[in-house]
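K.L.:
Marked as 4-amino-2-methyl-5-(diphosphooxymethyl)pyrimidine binding site by TrEMBL: A:Q40, A:L41, A:R42, A:E43, A:K44, A:N72, A:S111, A:K140. Feature annotation from TrEMBL assigns Mg(2+) binding site to A:D73, A:D92. Sequence annotations record features per position, and here TrEMBL assigns domain 'Thiamine phosphate synthase/TenI' to A:10-191.
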Number of protein chains: 2
Amino acid sequence: MTITPERLRLYLVTDDGLTVGRPLADIVLAAVAGGVTIVQLREKRATTRHFVEQARALKAALSASGVPLIINDRIDIALAVGADGVHLGDDDMPASEARRILGKRAIIGISLGGVPENAADAIAQADYVAASPVFATGTKPDAGPALGLDGVRALRRAVPRPLVAIGGINQGNARQIVEAGAHGIAVVSAIMAAADPEAAAARLKDAVEGALRQ
Amino acid sequence: MTITPERLRLYLVTDDGLTVGRPLADIVLAAVAGGVTIVQLREKRATTRHFVEQARALKAALSASGVPLIINDRIDIALAVGADGVHLGDDDMPASEARRILGKRAIIGISLGGVPENAADAIAQADYVAASPVFATGTKPDAGPALGLDGVRALRRAVPRPLVAIGGINQGNARQIVEAGAHGIAVVSAIMAAADPEAAAARLKDAVEGALRQ
């Protein structure tokens, strides 16, 4: 499947450590109401059973909105719930394996920590690319060194795929990331930890769209 | 796929915390030379990338022997490497989902901690059942209360599937487990932690076969 650059405008990555007791699906739906265009379920500590239950609940919650559900890392979870795709990092399944298992229609995203020297196979299978991390981040302690805005510019030039940036993005720096060439921004805590996820998403979406209108 | 009771005679479950620097595939192949009839790759801490690499290496190592490779929990890993099946516990994918994704030919095993009251769906999809844990075990700290030999007898009567027992099994108690009705024994540390895995496997196999000859 291909994915349009518009679909990446505001990409929410979940973190169940930031929900402070609120149901995950409630936060996600509020964020979608505020303008989130795509959602990734990321569960790094959950059992498979819990992960599949969360994914099924989110898939059902999102179905009316048309917002795609992407599963972090786990192709088995994506298959079990009929998710729209997977997002793969360096420690996850190779993108070529994921494509073989999931088929042509699945959305496959990959993280890149810089302009790659030997990731042609992965890029060939990827529908979009995430520049990760663009800035230092507290929600992914194993992320590599920050790419910065120059890294975003370099990836946009080098990789012929829709590009989203992730890592330390908030309302204050969203605009410059889009001006550097990203088609959209991906956030975790800027929405997940917000007291009002809908308002937080709306402000981030405004920042992205403001930069695009220039 | 169906699995014969003979295939469960001596079931090795790996634990990469017990290899003390030896390559996992070397230990597994020595154990197969000693009489292991089926192997389960269990990786509870590995990244998906590492897990798939380990699984691919084991699948290749086992191919000449005809010994099936079962993957613990992870259907994505089983699909990626063409493993023979998966083993599912309570925290893993429901067996019905696993069957739908993997198809009829896959071997699906499930763990049962006693005679189940409402596991008919899971048993219907299972090719074999593991009584787990039969005795207290140090290699699976989240295992439930020990079933004991009476638990093995009860499962053998109640569940019409080939039955293997796991948990705290060694050369000293293997015989009584088979006498209680298990078609075979599954071990982790009794082989993985042995200085001579081939000899350890051969002694365990002798104990099982001795009990069966009576």
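All positions are counted from 1 along the displayed chain.
Using the three backbone atoms N, Cα and C, a Cβ is placed for every residue, glycine included.
Just so you know, TrEMBL annotations never went through curation; they're auto-generated.
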K.L.:
Go through the binding-site residues A:L41, A:E43, A:D73, A:D92, A:S111 one by one and keep only those whose Cβ is less than 8 Å from a Cβ of chain B; report them in sequence order, or 'none'.
P.N.:
A:D73, A:D92
K.L.:
Between the Cα atoms of A:K44 (4-amino-2-methyl-5-(diphosphooxymethyl)pyrimidine binding site) and A:D73 (Mg(2+) binding site), what distance do you get, rounded to the nearest Å?
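P.N.:
Answer for this pair: 9 Å between alpha carbons.
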K.L.:
When you look at A:Q40, A:L41, A:R42, A:E43, A:K44, A:N72, A:S111, A:K140, which the record names as binding 4-amino-2-methyl-5-(diphosphooxymethyl)pyrimidine, what is the longest CA to CA distance in angstrom?
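P.N.:
The span, Cα to Cα at its widest, is 16 Å.
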K.L.:
Cβ distance under 8 Å to A:K140 (4-amino-2-methyl-5-(diphosphooxymethyl)pyrimidine binding site), same chain, sequence separation 6 or more: which residues?
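P.N.:
Looking at Cβ-Cβ distances below 8 Å from A:K140 (4-amino-2-methyl-5-(diphosphooxymethyl)pyrimidine binding site), excluding near sequence neighbours, one finds A:S132, A:P133, A:G167, A:V188.
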K.L.:
If you measure A:L41 (4-amino-2-methyl-5-(diphosphooxymethyl)pyrimidine binding site) to A:D73 (Mg(2+) binding site) at Cα, how many Å is it?
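P.N.:
Each residue's Cα considered, A:L41 (4-amino-2-methyl-5-(diphosphooxymethyl)pyrimidine binding site) and A:D73 (Mg(2+) binding site) end up 9 Å apart.
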K.L.:
Quick one: which of these binding-site residues, A:Q40, A:R42, A:E43, have their CA within 10 A of A:D92 (Mg(2+) binding site)?
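P.N.:
The binding-site residues close to A:D92 (Mg(2+) binding site) (Cα within 10 Å) - there are none.
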K.L.:
Counting other Cβ atoms within 10 Å of each Cβ, which of the binding-site residues A:R42, A:K44 scores lowest?
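P.N.:
Candidates: the binding-site residues A:R42, A:K44. Fewest Cβ atoms within 10 Å: A:K44.
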K.L.:
Tally every other Cβ atom lying within 10 Å of the Cβ atom of A:S111 (4-amino-2-methyl-5-(diphosphooxymethyl)pyrimidine binding site).
P.N.:
25
K.L.:
According to DSSP, does A:D73 (Mg(2+) binding site) sit in a helix, a strand, or coil?
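P.N.:
Where A:D73 (Mg(2+) binding site) sits, the three-state DSSP reduction gives coil.
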